[in-house]
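Taken from TrEMBL, the feature transmembrane segment covers 20-43, 168-190, 196-216, 228-248, 296-316, 336-356, 363-383, 395-415, 422-441, 453-475. The domain 'Major facilitator superfamily (MFS) profile' annotation in TrEMBL covers 21-480. Annotation comment: TrEMBL describes 104-123, 499-522 as region 'Disordered'. TrEMBL lists 110-120 with the feature compositional bias 'Pro residues'.
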């Protein structure tokens, strides 16, 4: 075969490879979550620098410009003071320059109240920081709120045109959102960029996870693949915050976003080569309606576990950096590094329990994970410095990894077990649950911190996770619908009992009995 055909052969083999599809989804989730977390250490300090310090510097400049006339006043007052004999006797031997110096020294004690010197590096403006909790929380939540609205539509769209085109649409929107972040200098533009990211993330997440579920039909293989894909999500969370803090500290605000935009272009080229997004490939059968899936109590329990476990870290993202600035006087570099233990442990948890969860029981992994999430959140306010956050944040990330790597494949298994095996809608629900955590968490977290304080916020969400954990027990052995029992009989121990009444199948001729037996084994 001529060498010119080698790339075409490689692309044809790649398009038939499940591994390369997994790579595409991995990279898409990686970039999405790098952009999700890279803004965490940048936005609070950027808004503080541009709005609070910028406003104060302009006020200080105005005061400096009006200061010289005030210094010229004492000589004039000294002239008029000659009409007062007592004043003349007190300052009779002083020169005009001495009067000016005395006047300056008399006015110096009045300046510190407007800009008091602090022995520590703590930022000033307590009232501004309290308001910034709410504003930053709303900015972070805008992405999840938009994603929450768009997700159901994307789920329906994937059932009609397939997963490839929505995946590529998500890449295009994410690219423009990243570039917009790089060149936005106001709160309004940053808010719009974050909301635009939510639309792109909805297309990428729903289409990517649905594509994996349709490619990996075996439940064990699907669990392993989901664990690897969520490892991309974890790696994005791992790299995002430290990468953003380092680049913002030493290079500038635009640098991390321009790097992410370049990586997004590589992801787009990979999708063009592997997925062929110009091809429409609708599902051969109609999926279960979204309203039917939302009435399934087992799917709702699994979605709730995803929502509340991720809500904890979602509340930490806007509030923890500001709390560290107020109580620990942390520099910009530490604001991103505080999330590093959670990211590393999340990466370990998703990859480890993507394999172990199916063996020990996904319901048990989720139950234990939610309990550990609650305990870790309760321990966060006890930290006195950044080193005290290593343990709670590490436990938090590991536990969320347990929940995510257990519930994501379980959502696909529940559809196989109880509904039609079309995965766009169910992973739209999973992403909606994930987004509800990241929408409710930041938006309410900032308001709660302003009202009753950061420690009480951690107590509320920690106790909520511990209280919800026992509901995961109901996922221990979900019942199958009658028409699905023959398909997944080997997955669930209880189905072997209900499968025995199907002995009338032996009406087939004896020559076909072997095929019937083989069908039962498969």
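Our numbering is plain: 1 for the first residue shown, then up by one each step along the chain.
Cβ coordinates come from backbone N, Cα and C, glycine included.
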Positions on the same chain near the transmembrane segment (395-415), where near means CB under 8 A and six or more residues out: 209, 213, 219, 222-223, 226-227, 230, 233-234, 288, 293, 296, 298-299, 302-303, 305-306, 309-310, 312-313, 316, 341-354, 357-358, 362-363, 365-366, 368-373, 375-377, 379-380, 421-423, 426-427, 429-430, 475, 478, 491
Recorded stretches the transmembrane segment (296-316) and the transmembrane segment (453-475) touching, at least 3 CB pairs under 8 Å: yes
Considering the transmembrane segment (20-43), which listed stretch of 196-216, 363-383, 453-475 counts the most C-beta pairs under 8 Å: 196-216
Same-chain residue ranges lying at least 6 outside the transmembrane segment (168-190) that approach it to Cβ under 8 Å: 28, 31-32, 35, 39, 43, 47, 50-51, 135, 139, 196-197, 199-205, 207, 253-254, 257-258, 260-261, 264-265, 267-268, 271-272, 275, 277
Touch test for the transmembrane segment (363-383) and the transmembrane segment (196-216), at least 3 Cβ pairs under 8 Å: no
The transmembrane segment (196-216) versus listed stretches 336-356, 422-441, 453-475: most Cβ pairs under 8 Å: 422-441
